[in-house]
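Visitor: Found this in TrEMBL, in case it helps:
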- 1-21: signal peptide (SIGNAL)
- 481-521: region 'Disordered' (REGION)
- 483-497: compositional bias 'Polar residues' (COMPBIAS)
- 559-580: region 'Disordered' (REGION)
- 608-649: coiled coil (COILED)
- 715-742: coiled coil (COILED)
- 880-913: domain 'WW' (DOMAIN)
Amino acid sequence: MRIPCRATIGAVIVAVSAVASFDDECDRSGGNLLQSFAQARRAEKYAWQSGRGNFPNFAVAEANGPFNLSETLSWSWHHPKGRFHTLTWGTVLDHQLNVYLSAADGLRKFDVDGQLLWEHHTLPAILMNAPAIYQGSIFASDTLGGVRALSMSTGKLLWHSNLSMPIGEDNGFTMVHEGVVFTAAGWRDPSPMGPANHMVKALNASDGQILWTYEPDAPVWNFLPLFPDRDTFVFQDMTGRVYRLSLQGKLLWKAGGKPGTWTDGGAALGNGMVYAVNNNNPPKQLMFHSEHSPGTLSAYDLNGTLKWKITTPRPPNNAPAIGKVQGWSGLSVILPICKQVMQGATCEVQAYDANTGGLRWVFHGPKQTGPLQAGDFEGMVDRTTSGVRPACLPNGWSAPSISSDGTVFVGNENGPMFALRDADGDGRVVGNDEVSSFDAKASTLPGCEGLLLRLPQLLADARPYESHQWAQQVAMSLKADGQSEQLRSQRTLSAQRAEQLRAQLRDQPAPTTPAAAEERCRSSADAVRNYLAFRVSLDEAASRLKSLREERHQTLRKAQQSLADVESAAQKRAQSADERREAILQERDARLEAPKQAARDAENNPKQVDAEKQILDLEEQRRLLLQELEETSQQLGKERQDRMALLQQREQWAAQHRQKTEELEKELQDLRPVKFYKVLAPKAASMTEGEIQGALRRTTERLKTLAKQFQSAGAEGLMQKRHELQQQQQKLDAEAFEALQQHSRLELQHLDQAGTKIASCVASLLDVARARADLMARGLSPELEDIYSIAAAPRRQDMQELRGALNSVEVAWQEATSFWDPSNEGPQKVKDLSAGVLLQLEAAQKRISQSLQQLQRADPDLYELALMGEEDLGQMTSEQRLPHGWEALATEEGIVYYHNLVSGLTQWEVPSQDAAVCAGWRLFQAEDGGWFYHNPYDGNGVWWPELPTYPVEPDSLESLRKEAAEG
């Protein structure tokens, strides 16, 4: 029995001292040997959780496997109705090394010795994907669009979710990570390879509820999600494009791929990178290309950046494995390459450097010996009649796995499984020391090669009932060949027997007795009968061959006509689908153009962006305020309820106390004596003194008993009250701690807001500092009355806001340091909270200090001016008082300028002379010591400190000429 892929044999093989299973999916032919795993340290750590192993080192085992595969067979299993009755897709192993096998007709569980523990049947729903185990459940998907979870221990159905869309007949992987189940769905046209899965679905692992759906740019084939961390996953589509999504379905990035192509392979994860494969030719061209049709292996980092890519000499229709291999340092990429379903095609396994893509070693595997892979023919009729896919049509290799000692395990389409290692590091894997194999003994049958070579295209293009019809015809042809072979054997035996009798008759002497003559006659009669039987058999064979030839010619003509019809219909469907797709895309682009343009205009409008940002900030503040208000209302309501409960409980205790007091008073009233030897009871008159004393003693004992009961009841009430008070104190402590946390958050928010304001003001002042430095670098003064000096003047508003924010920060810091001092008395958790809050406050203060240091380094003078208080500015103003007749004003931006009250002119620079003198008046001192202004042109004067009302103007040219003429 040679095992080509899990889909054609339905068998599980386990090695001695190791658990080995076949990950021999339909499109990854051969088996992926899971090597001997050590007993898991914890029960929840599974030996092989999915079809590609465990997170985060996928396709790499934690234990060593047996290198000599042919001598380590422990047990095997096949379907009870026949070795090839079903198709198997993948295996997983739990912490006890139990094997869970996924097949087309259901799921099965085997113990470590190969005993069947339970089975779960799914037909008519066919399981086509490898399963996964997670937290005591096994998860699988089927072609009818169902995803199910079974109990690992009993096999009972826990939940079943219907996705309302079919799941394809490719061979992907159902994966589970952090409570989310991932599967592909949406099997439909169009795609480069006919129908394919167009969507990725995520479900809740607890109840099967659909969480989200994502549709990639191209359909997926053999969907394989892998997880670089606990929050994201990566996968590739059929064109080789890689996607990274969050577990909530948000796209983080996508990269690579060749549109219009198709590959049977998948992505791999390792070495901090994602490795993807794609074919370089479209699938229609690939069908008619040779086995040397090239492909591409690409490596991307976890941010989607391409690190390297290489061209493979054959199609890379498989998922690589990344790990450390023998004979080489660092990590390697193990990639099987082969053109599937091509008789005579050679298959290879290549190893590349994971960091550079350089080729390390090559293993030349066997060629495909038959028209189909091993095992595809044997159970075709049985699988078809039982409702299972008739053939597997895998590629040349299985998905490889690597053991901890660096041995590579991979299965081949012809049946054998290989263990590979480049022990000497020479780049060639050859010899018994580097290659070991195990043949699964699955054979291929001759006959009907012409129809078989067309079978892949028929299965790809035709509907399921058409595939079943051709499979039945192939089976009938095989049976006819078998009957012809049996008749040919009978004819050969008859001819040999007749020839033996003839030789005996020829060699025997003439008979001498009647008995001898009779024996010779009998032998001659037997020879005649044998010859006659031989001639009759020849006639029957000729007649049967003639009729069989006619039947086969008719069947061939029908098959050719049906094939032509199928091809024509497929081309029409493809053309119609392409036209519909183009029309839909054009319509979608036309509808989306206006919203896209509006979105682009909105993105390019800074005012709208700022307004939207402010609106979002206000909405967030409103939401926080509403949330705080709701929490406060709930807290007040809860406190009110607690207070009412306490009041009700106090009333109940008071009522119980009054009742017990009344009962005790009643008992004491009956026993209280009026005087010695006399009591209230009527019978006391007839009692003797001894009886009265005995009654008094009994009364005393009764009183003591009642006093003890009353004391005990009081103690119990006191203990219960103390317990309630302790609970109230704990509750108050919790509320106080929550209030402290809220106060710390408000303080930090206050510091952060002040820090943001300081950073904004510092950024504005840094612009001023750079403008001042630029003017000085060009030899200009920042105080010049020039358009260039406007940007070099600091805004008074910025400085005021900066000082206000710094004052707010200083007040908040002083309050916080005194309030959050860890040396204060209090519970330990409050001290721990204080220490944490102080660290956060110091971090906020450090950020503010760093922002101010930038301004100080850029312009120390501007830094001192910005930090100067209002009283300092007033003092500076008094010390640097303006000359007489000037006043200082400020613009709306806070820029200071100066106004001359005589001339009415303004200037940016600080004046140094009297306003009247600047306006042309001359200042003189009179004989009596007083000062006055004099106009040299009109002779007018004004006593100081009174200011002139107009500036000095010289006489006009005409008046001067007139004076000259008169003079």
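Even glycines carry a Cβ here, placed using N, Cα and C.
Caution: TrEMBL annotation is automatic and unverified by curators.
Keep in mind that this is a model prediction, so the values were computed, not measured.
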Visitor: Under an 8 Å Cβ to Cβ limit, what residues of the same chain, 6 or more beyond the ends of the coiled coil (715-742), are close to it?
Guide: 635, 642, 646, 649, 653, 657, 827, 829-830, 833
Visitor: Of the residues in the domain 'WW' (880-913), how many are helix, strand and coil by DSSP?
Guide: 0 helix, 12 strand, 22 coil
Visitor: Under the DSSP assignment, what numbers of helix, strand and coil residues are found in the region 'Disordered' (559-580)?
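Guide: Per-class counts: 22 helix, 0 strand, 0 coil.
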Visitor: Need one number: mean pLDDT over the coiled coil (715-742).
Guide: 76
